[in-house]
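To keep things clear, I will list the structure first and then write my remarks on it.
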Amino acid sequence: MTKEEKNEKEALIEFFSSYRELFEFFCSNTTIHGAIRLVCSRRNRMKTAFWLVLFLVTFGLMYWQFGLLFGQYFSYPVSINLNVNSDKLPFPAVTVCTLNPYRYKAIQNDLQELDKETQRTLYELYKYNSTGVQGWIPNNQRVKRDRAGLPYLLELLPPGSETHRVSRSVIEEELQVKRREWNIGFKLCNETGGDCFYQTYTSGVDAIREWYRFHYINILARVPQEAAIDGEQLENFIFACRFNEESCTKANYSSFHHAIYGNCYTFNQNQSDQSNLWSSSMPGIKNGLTLVLRTEQHDYIPLLSSVAGARVLVHGHKEPAFMDDNGFNIPPGMETSIGMKKETINRLGGKYSDCSEDGSDVDVKNLFQSEYTEQVCVRSCFQAAMVARCGCGYAFYPLSPGDQYCDYNKHKSWGHCYYKLIIEFTSNKLGCFTKCRKPCLVSEYQLTAGYSKWPNRVSQDWVLHTLSRQYNLTDRNGIAKLNIYFEELNYKTILESPTINMAMLLSLLGSQWSLWFGSSVLSVVEMLELVIDFVIIGVMILLHRYYYKKANEGEETTVVPTPAPAFADLEQQVPHIPRGDLSQRQISVVADITPPPAYESLDLRSVGTLSSRSSSMRSNRSYYEENGGRRN
């Protein structure tokens with residue numbers, strides 16, 4: 001095989017020698033519509049220019065659509081899917097509070113002193129006299145509050161007053177003219193006394209309740225957290241309890257004390273044994289929870305709670321009872337029926353929404369013994385900020401081990417710190433609402449309430465007579481009835497799903513590609529091949545230029561040395577011959593003059609003819625010799 005044949009043999013991988021050759025091959029063989037028009041009409045420059053512009057515009061529009069699709073995909077939109085299911089439903093937890101804060105014996109004296117100071121304040125500011133509060137001083141005496149007693153006394157403040165207290169004479173004169181424009185509040189200062197402000201209110205009722213609440217929280221910090229509610233208090237509050245037409249047992253509820261809403265009892269919250277939780281297989285009042293509650297107001301704190309009845313909250317089994325957020329009150333002397341509808345929301349996590357699966361990815365420590373919720377996180381965040389800023393914790397929220405609740409006997413300026421922290425908290429300067437994300441899976445209960453008078457006139461006598469025999473109760477305003485049930489077993493499930501997933505994105509991209517070029521995935525591969533070949537040709541051109549330039553630089557800088565004459569050594573080796581002996585030793589040179597060969601005989605086409613002539617001559621010669629040199 002000659003060298004030319006070896007070069008003509010097809011190689012395993014071949015590359016184009018120029019961009020023009022690559023472009024012409026691609027346009028002539030690609031499956032992309034319109035590309036062949038760029039080379040088939042090259043003799044007509046106008047057509048070539050038209051198809052080139054059309055091809056580029058179409059290409060640009062397609063990739064503009066691609067950009068829109070990718071932008072929509074990477075914005076991670078979600079679609080809402082609503083499913084309606086019907087099945088046996090687990091009954092939620094129900095917490096009921098008395099709406100009467102209890103007087104602990106450990107702080108009984110402190111609460112009595114607070115009541116006396118409150119009555120002095122009411123008489124001094126509003127000339128109110130009540131004999132229903134323990135320790136009341138007769139109204140015929142001039143009441144002056146002892147500033148050596150409780151700190152942070154209530155004061156009347158003129159409009160615009162922020163840092164000073166107005167004298168009593170000025171107050172009495174001005175109140176006769178513009179009573180509505182005056183505010184009431186109490187002064188709070190930091191530890192050094194250099195930073196002070198008034199916590200003011202336009203309503204005297206709100207101011208007195210908040211002032212009383214502030215001191216009550218301070219006193220409550222001295223109560224041991226292990227203080228339990230005895231069984232006698234439960235029987236005095238809940239007269240009857242039935243679920244699914246069966247009586248409740250002590251295993252069905254747990255109790256705790258709330259500083260504002262009093263003694264609270266939670267039904268159906270047995271986190272240790274989920275098998276004992278209630279469930280409803282039928283809708284209706286008979287298949288729900290029915291409670292008969294006492295709503296009398298005896299031996300409680302009237303200045304802290306001004307509402308009669310009971311506080312109710314429906315929540316999840318593993319969620320804490322935040323009575324001040326989602327709870328509602330039921331009135332005394334009425335039957336309140338609460339119908340429920342369950343709704344489950346399942347959000348997509350990750351890049352699709354800012355939700356948390358279990359709170360482990362949230363930078364806030366959960367202080368509650370419960371599962372993660374947004375409210376749990378927000379309160380834990382506030383408590384952590386208060387402990388860090390004020391040196392003590394809020395009495396309504398749990399603490400980390402080693403921390404203490406706020407008491408102005410130990411923490412003198414905690415009130416000043418607390419009210420300023422509340423302002424930062426509500427304006428999200430603490431960042432709690434930003435840090436705390438919604439849980440991805442949430443179960444909510446949509447509630448509808450109905451009220452009716454209970455007991456009615458016909459049954460009032462015998463119902464109250466029976467209750468008076470058992471519980472010494474004779475007033476219909478001292479009882480209330482509560483029904484909580486499922487209106488229907490159909491529950492909604494709201495699911496989030498990606499609006500554009502990967503399969504849909506590929507489908508949309510393929511649709512756009514087919515719309516603008518009428519091609520397929522193989523056409524995309526051809527485009528990739530074109531790009532790869534383009535890059536390879538560019539690399540080859542650069543390498544060729546590099547090595548060519550390097551070779552030229554080497555030829556210019558290289559100096560070739562002149563070799564020594566080769567005959568020098570020969571002269572030394574040739575022996576000296578005397579001039580007289582030259583005649584005897586002369587060498588005769590005979591030139592052989594031979595004509596050049598006939599190059600016409602080298603013609604390959606005449607090889608066959610010459611060989612045939614030679615063979616003919618040899619045959620004739622042999623014949624002539626055999627016949628003795630005779631010719632025919």
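Glycine is no exception: its Cβ is also placed from the backbone N, Cα and C atoms.
The record in Swiss-Prot pairs C432 in a disulfide bond with C381, which is drawn from C381, C390, C392, C406.
In the disulfide annotation of Swiss-Prot, C406 is paired with C392 out of the candidates C392, C417.
In the disulfide annotation of Swiss-Prot, C248 is paired with C241 out of the candidates C241, C264. Noted from Swiss-Prot: C264 is disulfide-bonded to C97, selected from C97, C436, C440. In the structure shown, across all protein chains, C381 is the one of the disulfide-bonded residues C355, C381, C390, C417, C432 with the greatest number of other Cβ atoms within 10 Å.
For the disulfide-bonded residues C189, C248, C264, the greatest number of Cβ atoms within 10 Å around a candidate Cβ is found at C264.
Compared over the disulfide-bonded residues C196, C440, the count of CB atoms lying within 10 A of a residue's CB peaks at C440. The DSSP secondary structure for C97 (disulfide bond) is strand.
A separation of roughly 37 Å, to the nearest angstrom, links the Cα atoms of C196 (disulfide bond) and C264 (disulfide bond). Sequence-distant neighbours of C406 (disulfide bond) (same chain, 6+ apart, CB under 8 A from its CB) are I217, N218, A221, M386, C390, C392, G393, Y394, A395, W414, Y418. Reported as a whole number, the C-alpha separation between C436 (disulfide bond) and C381 (disulfide bond) equals 8 Å. Ranked by Cα separation from C248 (disulfide bond), the disulfide-bonded residues C264, C377, C381, C432, C440 are led by C264.
Cα of C264 (disulfide bond) to Cα of C355 (disulfide bond): a span of 31 Å.
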